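Marked as topological domain 'Cytoplasmic' by Swiss-Prot: 1-29. What Swiss-Prot records for 30-45 is transmembrane segment. Marked as topological domain 'Lumenal' by Swiss-Prot: 46-818. Residues or ranges marked as N-linked glycosylation site by Swiss-Prot: N63, N79, N110, N139, N372, N392, N421, N738. The active site, charge relay system annotation in Swiss-Prot covers S679, D756, H789.
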Amino acid sequence: MEGGEEEVERIPDELFDTKKKHLLDKLIRVGIILVLLIWGTVLLLKSIPHHSNTPDYQEPNSNYTNDGKLKVSFSVVRNNTFQPKYHELQWISDNKIESNDLGLYVTFMNDSYVVKSVYDDSYNSVLLEGKTFIHNGQNLTVESITASPDLKRLLIRTNSVQNWRHSTFGSYFVYDKSSSSFEEIGNEVALAIWSPNSNDIAYVQDNNIYIYSAISKKTIRAVTNDGSSFLFNGKPDWVYEEEVFEDDKAAWWSPTGDYLAFLKIDESEVGEFIIPYYVQDEKDIYPEMRSIKYPKSGTPNPHAELWVYSMKDGTSFHPRISGNKKDGSLLITEVTWVGNGNVLVKTTDRSSDILTVFLIDTIAKTSNVVRNESSNGGWWEITHNTLFIPANETFDRPHNGYVDILPIGGYNHLAYFENSNSSHYKTLTEGKWEVVNGPLAFDSMENRLYFISTRKSSTERHVYYIDLRSPNEIIEVTDTSEDGVYDVSFSSGRRFGLLTYKGPKVPYQKIVDFHSRKAEKCDKGNVLGKSLYHLEKNEVLTKILEDYAVPRKSFRELNLGKDEFGKDILVNSYEILPNDFDETLSDHYPVFFFAYGGPNSQQVVKTFSVGFNEVVASQLNAIVVVVDGRGTGFKGQDFRSLVRDRLGDYEARDQISAASLYGSLTFVDPQKISLFGWSYGGYLTLKTLEKDGGRHFKYGMSVAPVTDWRFYDSVYTERYMHTPQENFDGYVESSVHNVTALAQANRFLLMHGTGDDNVHFQNSLKFLDLLDLNGVENYDVHVFPDSDHSIRYHNANVIVFDKLLDWAKRAFDGQFVK
């Protein structure tokens, strides 16, 4: 319109008389106004969506699908609308009741801690009334309880303070049921565990071990006195807690309570990492500096020793443990009592190439190597499921033995070592499937060994058992005719179990009597044993789901082409299609890949969940894809071990191949393919963008990533990469180093917490420096002050997911296109 006005103003005045000129001026002004109105109306009409007359029309940003159901949103996910309820039973751990198992457990009901029986609903024994008690004038809250095996006393923790991921300090008390009295053990106690005979409690305070007598109601002896800020007794240091035990316990009672085995961990030679905290106290003008002993790849590990303490004579002895250690470092990965006087100890060298198993005789005070095994190109994964099998002549078990998990035919299977002092074993299971974690439980009355495996599918978990006398005669416990992921916990005598169905449908829990001869093939879930009752049906969740259009997962095995040997690359995957998906649309849907991809991990498993991926599918109208590429677990040793010494290579290739497949689909917009990952997934996101160079993945979102494996802890990293000294080139290639390739993507996002004690913020800072040095600018950064690896401090968890969703929306809207 501006150009039109200029033309009018240049008309020569002499062609008009004054009146005509004034009239023409008025007409021109009116005309201009009319043109402006018409032009504005056209623009307005163009901005309004064209409504169809069909009743199922919805606005593009509607909260409803075409069939009138609600879409999944962050608000309902965050308030746990779709979170199934699960219950844990604290089974009474008393071996004396094995032959008369009533399924006793401790629970909180009717404002009391009580002992109940799954077999006899009328059984009710009150242990403690209420969740508070008064001690020395203070009103204290019960935060956790552990009943003594004889049910006469309770071990209570209060004033809990979180330490690292698995560890907590607290004040511990013993409640005596007969006298209704509370006796304090101590404050700032790191660990407290009942002896199996209910007489004593071993506890750790100031990194020393003490014995508290429940009978005399006092601490009667100190087991150690050399504990310090760098010497840990009975309690793991940071790396043993995080990577070895995944627990806060490094002390183990013998079955009768006569001995206590424990680790003495010396981290004096371990390098120190300082983490600054900026917003802990608003009054602070200087950061609070916290120190952590953190062994990085190729640097000294903590030195661990096994000690055994005798309750009878009050002495400790240190059995000699040595093995094939290339550099003098030894990891003690598992300690298991195999009888009252013998301890089985698993060790590996620091790179997990050699497994050495020792048998310690606590009476003779000797140690012998009973197994010495190579990983044969893979690695020894740390496990904690070695299961003691007691001698029983009736069932042809003349010696104490144990069941362990071993690679048999390239897959993880059960092996029965009939004599704990021998390396000879009986193969219990075999085939192209895997036992998950290890043996689950042993029913000595029935000679049954229970386990969970992928026998039906690597994306499912079903419960089975075998009789030790009949190897490979596998009996199904759960119904394999239906897809399912199951778990089970057993009562002391293994007669009863809490069977938990985790998906893919709505989860439930029920109590099963596995000694019942009635096989309930018509019953939902189990085909063995009698279902007594449901502990949880999640009926409220089932009702809620009727109102929502939850995008469904579709599981499949993707063929990503041929590997270097000409074999098909078959990987597990699932996709989530958006609501009202229309495959006839062309170049329409963005694809949001979510990846983790760490060695021996698994994301593609048929559990029930409604979370961030479903929000993305619903709110961004995107296809969500998850691919478990090579290196991940439960598809055999060859599939997972080829990533050894070259992390980030095959994993990234497989994500790229999957993106190429999806980009070729007619309904996918190949310019809108993104990848998101956290932790190892954050690392994999950056490595994939680096290797892809913008060909398939146009966007990436990386949260708390490792960017250089020299910066991560030694125990995890060296298991898959060896040391930097042994594998220098591998560490260079596995780092995120070719940052100019990331510049070929449209844009990427980096987020990290500054207080991350696991994947240090150092990783992101070093990466950002590389970007600066190479002039790479196509990225965004968000830093979360003082947040650890979970990114939760000061509302950070809300922000991190809001940011991810908003950033992905902007990417798919084309706001980052160069």
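Just so it is clear, glycine is given a Cβ too, placed from its N, Cα and C backbone atoms.
With a cut-off of 8 Å between CB atoms and residues at least 6 apart in sequence, the same chain places S679, A704, G753, D756, D757, N758, V759 near H789 (active site, charge relay system), listed in sequence order. Here the candidates are the glycosylation sites N139, N372, N421, N738. The one whose C-alpha lies nearest to that of N110 (N-linked glycosylation site) is N139. Using Cα positions, the member of the glycosylation sites N79, N139, N392, N421, N738 nearest to N63 (N-linked glycosylation site) is identified as N79. Counting only the Cα atoms, the space from N392 (N-linked glycosylation site) to N372 (N-linked glycosylation site) is about 27 angstrom.
For N139 (N-linked glycosylation site), the nearest neighbour among the glycosylation sites N79, N372, N421, N738, judged by Cα separation, is N79.
The glycosylation sites considered are N63, N110, N421, N738; of these, N110 has the fewest other C-beta atoms within 10 angstroms of its C-beta. Taking CA atoms as the reference points, N372 (N-linked glycosylation site) and N738 (N-linked glycosylation site) are 41 Å apart.
Straight-line distance linking the Cα atoms of N421 (N-linked glycosylation site) and N738 (N-linked glycosylation site), rounded to a whole number, equals 52 Å. Each of the glycosylation sites N79, N139, N372 was assessed for Cβ neighbours inside 10 Å, and the highest tally belongs to N372. For D756 (active site, charge relay system), other Cβ atoms within 10 Å of its Cβ number 22. By a simple count of nearby Cβ atoms, those within 10 Å, the most crowded of the recorded positions N392, S679 is S679.
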